[in-house]
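What follows is a set of notes on a single structure, which appears directly below.
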Amino acid sequence: MREPDQLPSTLNEYYQRARTGMSEENRAYFLSGAGNEETLIGNEQAFGHAKITPRPLRGMGGGSTETSLLGQTFSSPLLIAPFAYHRLLHPSGEVATAHGAEAQNTKMVLSAQSSAEIKQVRAAGNVCDWFQLYWMGSREVTLELAEMALAAGFSTLVLTIDAPVQGVRDREIEAGFRLPPEVSAVNLSGFAPPQFPALTEDQSVVFDGIAPTLPDWDDVAWLIQSVQVPVLLKGILHPDDAAKSLSIGAAGVIVSNHGGRVLDKAPATLDVLPAIVAKVGPKYPVLMDGGIRRGVDIFVALALGAKAVLVGRPIVCGLAVAGELGVSHVLRLLRDELEVAMLLSGCATLDDTTRDMVHLKL
Ligand SMILES: Cc1cc2nc3c(=O)[nH]c(=O)nc-3n(C[C@H](O)[C@H](O)[C@H](O)COP(=O)(O)O)c2cc1C
């Protein structure tokens with residue numbers, strides 16, 4: 001990976017340079033979405049339709065972006081979303097990303113499909129202590145993976161429930177995307193993966209092969225009871241599912257459609273966020289991701305009730321363009337933009353970003 005002579009100076013320049021600099025395969029894997037990409041595009045469009053009404057002259061003394069979540073203090077309400085195979089973008093992979101996150105004191109959620117060894121990533125900085133996992137086909141194997149993460153020093157688990165099977169990602173198929181031999185989900189090598197049969201003309205083969213390995217609410221409740229740490233559920237889009245998460249003891253939910261990579265036609269996360277927050281109330285931690293590209297987007301999500309947001313593709317672009325420095329710089333730009341948005345709209349603290357300040361054109 002070539003370190004560029006000069007870093008991009010804006011977020012859009014990162015996105016532009018990453019898009020043009022990536023191989024066609026990487027562009028297809030990291031930047032595309034499922035199907036007609038309606039959900040991928042919809043996530044960003046939803047932010048485009050939201051408008052912020054400023055409330056000047058309210059006094060900005062003691063202002064900050066600090067927030068607390070699950071007993072931990074965060075310097076800003078921004079986390080790095082779990083995404084797979086960082087080593088496709090940079091030789092040090094997730095370790096580089098963790099260093100970039102550490103430089104900005106920003107929480108990073110490590111994907112189960114990390115291409116770097118879990119202990120090395122954990123050692124790269126205190127900020128990377130949330131681990132994302134998928135259901136591994138049975139209670140025992142899923143618990144085994146959770147326990148591996150806890151033994152490696154992770155404090156919090158994020159169970160992703162929206163991707164029991166890979167979405168139909170046309171661009172990846174068309175680009176012939178394949179993992180190169182030197183990149184793999186190294187931490188899963190000791191686990192028998194759930195056997196996902198390839199799509200065939202006989203679609204029932206897909207259904208019959210996968211259905212028995214899928215979890216239900218009882219399985220998820222069992223996992224939550226079986227570990228001694230907070231578990232968040234990622235991939236919630238319906239208010240009733242958020243309420244169910246609360247009732248089975250999940251520590252919080254992440255409103256997410258996997259960045260438009262799974263079910264195309266799933267709603268934009270920003271559009272469903274207010275109803276979910278209304279259902280579970282302001283005390284239950286509701287996080288969200290999907291389509292956040294600028295600081296003003298973070299502001300909008302918080303005003304609509306998210307406690308914090310996660311970003312995926314902005315970090316993909318930072319890592320692709322300039323390794324750990326790029327990750328750190330993208331995080332810094334996002335946070336600076338959030339601070340500017342708060343100052344320009346009269347919000348000294350995140351609690352001041354209120355629902356009445358955001359106009360949604362639905
Ligand atoms: C290339 C790629 C790989 C991803 N891999 C995972 C994963 O392993 N686990 C997971 O829970 N989410 C995964 N996601 C989804 C992200 O965690 C997050 O929900 C999404 O990227 C947010 O949307 P954004 O990219 O618009 O910020 C992945 C996303 C991308 C773009």
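Each Cβ is built from the backbone N, Cα and C atoms, and glycine gets one as well.
Unlike curated records, TrEMBL annotations are generated automatically.
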Quick one: which of Arg87, Arg261, Arg293, Arg294 does TrEMBL put in the glyoxylate site with Tyr29, Gln132, Tyr134, Arg169?
-> Arg261
Within the predicted model, mean pLDDT of the domain 'FMN hydroxy acid dehydrogenase' (3-362) | 95
Return the maximum Cα to Cα distance in Å (whole number) over the record's glyoxylate-binding residues: Tyr29, Gln132, Tyr134, Arg169, Arg261.
-> 22
Chain-internal residues near Gly291 (FMN binding site), provided their CB is under 8 angstroms and they sit 6+ positions away | Gly42, Asn43, Glu44, Gln45, Ala46, Phe47, Gly259, Ala268, Thr269, Leu270, Asp297
Looking at the recorded positions Pro82, Tyr134, His258, Arg293, which have a C-beta within less than 6 Å of some atom in ligand 1?
-> Pro82, His258
According to DSSP, which of helix, strand or coil covers Arg313 (FMN binding site)?
-> helix
Reduced DSSP state (H/G/I helix, E/B strand, rest coil) at His258 (active site, proton acceptor) is helix
Pairwise Cα distance for Arg169 (glyoxylate binding site)/Ala84 (FMN binding site) [Å, integer] | 15
